[in-house]
Ligand SMILES: Nc1nc2c(ncn2[C@@H]2O[C@H](COP(=O)(O)OP(=O)(O)OP(=O)(O)O)[C@@H](O)[C@H]2O)c(=O)[nH]1
Ligand SMILES: [Zn+2]
């Protein structure tokens, strides 16, 4: 299937193809796709699915490169509590939580908003939490080339809550560290700051 080109307008051909498939699914599960409440549902579901997977059409490195500024600051920069909404690749059900990201600049800082933006680029794909963590980590490491980068994600998986093992309160934590964050003191400072209410 060809990727849709314009995220604002949705490519009509792709939306229609996905819509037809949702229509079939609704029929297969025993519902009446022609009843009033459902007539527009295949189209809504198609648009929602294309929105939630738009990361395939986006280039995270280009987003970062668009706002890199020369700066001598070489202490830790932390952006914590970034909301994450993704889809697990096994069940295509949501997993969601928070990302905490830090880097130590090496001559360049990056526009702060670009970090949550690249989280969304990688989250809006079919993912596992481990790969999402590493995608963000490697993109920052390779594009910004900082002295160090750290990514921690804490998330709950709907496929473990609504179905399957049906555990409501388990949280999965994944993490990745590069450069100076591989040193235990730097890593501990980061972990202390992200758990502090005041940071
Ligand atoms: N490592 C990892 N596993 C995940 C993630 N999201 C979902 N899973 C797991 O992927 C596994 C898929 O296992 P399968 O046995 O093939 O699928 P299943 O029969 O639906 O498994 P249950 O969920 O245990 O009912 C499950 O254990 C899920 O909990 C993720 O982000 N990372
Ligand atoms: Zn799953």
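Just so it is clear, glycine is given a Cβ too, placed from its N, Cα and C backbone atoms.
Nobody curates TrEMBL annotations by hand; they come from automatic prediction.
Positions annotated as Zn(2+) binding site by TrEMBL: 88, 91, 159. The domain 'GTP cyclohydrolase I' feature in TrEMBL is assigned to 19-194.
For residue 91 (Zn(2+) binding site), the same-chain residues that are 6 or more apart in sequence and have a Cβ closer than 8 Å to its Cβ are 158, 159, 163, 164. Of all the binding-site residues listed here (88, 159), the one with the fewest other CB atoms within 10 A of its own CB is 159.
Apart from 88, 91, 159, the residues listed for Zn(2+), the same chain places the Cβ atoms of 87, 89, 90, 92, 93, 95, 157, 158, 160, 164 within 8 Å of the centroid of those Cβ atoms. Over the domain 'GTP cyclohydrolase I' (19-194), the average per-residue pLDDT in this prediction is 98.
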